[in-house]
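Features of the protein shown, as given by TrEMBL:
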DOMAIN    3-74  domain 'Ig-like'
DOMAIN    194-290  domain 'Fibronectin type-III'
DOMAIN    294-389  domain 'Fibronectin type-III'
REGION    373-423  region 'Disordered'
DOMAIN    395-491  domain 'Fibronectin type-III'
COMPBIAS  398-411  compositional bias 'Low complexity'
DOMAIN    494-580  domain 'Ig-like'
DOMAIN    591-688  domain 'Fibronectin type-III'
DOMAIN    705-788  domain 'Ig-like'
């Protein structure tokens, strides 16, 4: 026998871009095989741009430049072998490379108020759908913006640009071969906004006024070059220009003012497009002649039973005139009334105050006097007793550390020696770190307390402590010692304290606040890091951590805030713990597009609609279809939780008017409805009635049901419709009921049943594997029942 020829290599399906070369090749086991090529079942002898080639055992079909005519199913036959493959010619949308580079790399600039038109020509297999998007939202036509499209280009027109139009844009071109997206940035330049206010008065005196402001929040797309400053005198209508400042300077000083005169100031920001609107100040009054400032509090030099000597220093600000002297006042401690010590200014800066009551505490204050008047008085001096000098308390005895832990130290001591401590009125405890020279007061204690616990220390922290006795004559000499806090408590690994209040998935409406509180524990206290989708949270987010809990706050949620948020805990021991939760930001969905109605199957209506724009960012968007049978009747739900854009209503009654509406939903809210304007009606066919006179025979005409034509088995392909029918006789006319696998189909909207004068039909809409099974029709009347069965098989697409 002659050996058979077989394939060494089969044809392989190709996907090739239009204009690119393509090649199909196969290999057979015999060199003397003459092959034949077929396309879509037709033998190929010659074809434009196609070359047939044979080299040894390899047979090739070569296309130099693929075009639409080259797409199809190819078959090679030779000897005993046969092999097939397809060539798909892809022709996705394309744009001129120079235009694409110019749009993507260089921002498009327009002036405010000017018209803008961007035209993008394209090529590719039609139909091509073109869409313009700004900040992820598809642009539609309104009073300023218009989107146009032809078969070869798409155009975005803005009649009058403003700063709101700035942003990131995208042109999306899509056909059945692919998608092309062009990203570009639009910058609209304009005059700047007014400087940020309010205008602050940094200084106001009799000779000059200094004002301050902040740069504008929006510079109009061009840097601010300078600021213009103007002034208006109270009572006048005209504004005078004072001068300009460079953009780096946001303050201005004018020395052309009159004493005690009121003015208004205004500032404008200027860029290359012009000057902004003005930021105006409130009324600013220039100061009168300057009086001296307040001196420092007087100091107590000495005291006796009826006199106290005080001294003071001149004030830092002396005013416009030299100081002529000082007015001195006194008051008893605990009162509010100040009494003059002298009636004329004291020229010296020292004074002995006589005629005081023995044993009474006094306070003193002074005010400088010049030709402009008396200045502000100083703060009160330290209170002092009018009494003869006496000895201060001595040192406390036996100061020591009685106990300590990781955060505190406890001190104990004894009263000063008897001869010095009889008039002790209390104790003062102070501390300072070893690295500092400044003492800080920890607490003051009554005379009967000789122990103190110093808290708030760090583990193993070294510090100096001192205690001194207090009396009405003043503090005594302090006693000092060095102390050290104990070691830290054992470390606790960081972990989250998750309970029912902490959710792993949050759905937040746009505009509302995102507030999350997550408790944790750890020792030492761990550091907390917040991330969103693996990156730091937005700068708008406010994060706070205290008292064993960390909080996240976003005051006005935006769609871009959706994502996975992660909290990380870490301590200095290298131990880390994480917790993640998802946040879904949702908003009221946009309504669906236009509704279309079709009668694909008799006495049914198929409702289709354009998708809602919200499908671009709402993953869980679904639709609800409603109908009513008059313009003012109630709406009834036909279908809910529909995740495509199509619904078939099967119970249409001929002769009735139907109105339909579709609503988009996202689990939180529903969109405005999209409705049909014109009613849908299936014309009612008037049946011809023929009456044939019959002779009365006076017999019982009742007959049990019987099948004149029984059901037959059916085999259909997935997605197609299946029509099953039979003919039934009997009197009275039998009632017809359909079953599938013993389940009554009367209320199932996926099946459409009719009974026309004994001819019974069942229509299965879009058959699937779930529709495969045993179907039965039951005919029954008062005389009897009859059944007919058949099997429906559903096969997949070839």
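Cβ coordinates come from backbone N, Cα and C, glycine included.
Here the structure is a predicted model, which means the values were calculated and not measured.
Averaged over the domain 'Ig-like' (3-74), the predicted model reaches a pLDDT of 87. Per-class residue totals from DSSP over the domain 'Fibronectin type-III' (294-389), listed helix then strand then coil: 0 helix, 40 strand, 56 coil. Across the compositional bias 'Low complexity' (398-411), DSSP classifies residues as 0 helix, 10 strand, 4 coil.
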